[in-house]
């Protein structure tokens, strides 16, 4: 039922799912795509060594590989179904073959392609919870992932993410409670509007100005309180009033008065409030530009926004990069990974 909470921008989704959908044949296609390698391995174990040598020479002389996973079949099914449809396919797969689909995919695939395909199989809230968990485990913390998710999800979505996180890690729970209580003004479409007049706008712009510019040092709590507890509509008016009062943008003040992760988090909230599509376009652009590709960000943004607003993000991306998202993916990725990403991105038209 998670799809009931997600809100889609009109004409923004690049993945809409199959119109005539039946999970049973899709599950069968996936099973067939993954079962060849296992069956061949079993049969080889009962061959004597001479037969194995003969078999190898036949395959080699015809320039063939042993049959294995049909990646294209997996791509054709999973990138052309909605997340809700994928959940039905997973249930059908379990019912028909007694196997967990995610575990089967992990055992057959590898690398970035595996990471992308497995990401598609999680429900949206479980996927966000997994990404947050992964960002906190091991050495160091991936603050960028935490900021991206908590600054761009609605309060309702963050509450669902908390429910999806079953392990109960204290640090994660604290982080998400903060998010549920504070973040995110950016998706106010699904939140009650706050009825505050121009007087309140001016008052709070003055409070921000006093917190960051007028006094020595920065009152970070004042910044956080206002940025994280007001609706997007209200904040946009506050930003305008702040510009008049300080003769510079709130973003400039944040950059001059804060630093590190706090600066990144505040800027992310302001960017998501002003234009969430532009925020994600920037994330994708920085993931793709220069030497190397930040595949984690690329996969997370495309998977999480493909059924919401990826087409609108693509339009902003074109303005930033001067070329389409699909073009940069073609330039920076390869193989089945590239094919799956391009399917999820959809047409450039």
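Each Cβ is built from the backbone N, Cα and C atoms, and glycine gets one as well.
Taken verbatim from TrEMBL:
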type    : residues      : note
BINDING : 290, 292, 332 : Ca(2+) binding site
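Features as recorded by TrEMBL, highlighted on the structure.
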| residue | record | contacts (Cβ under 8 Å, 6+ apart) |
| --- | --- | --- |
| 290 | Ca(2+) binding site | none |
| 292 | Ca(2+) binding site | none |
| 332 | Ca(2+) binding site | 288, 293 |
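For the Ca(2+) site, the Cβ centre of 290, 292, 332 serves as reference, and the other residues of the chain with Cβ at most 8 Å from it are 288, 289, 291, 293, 294.
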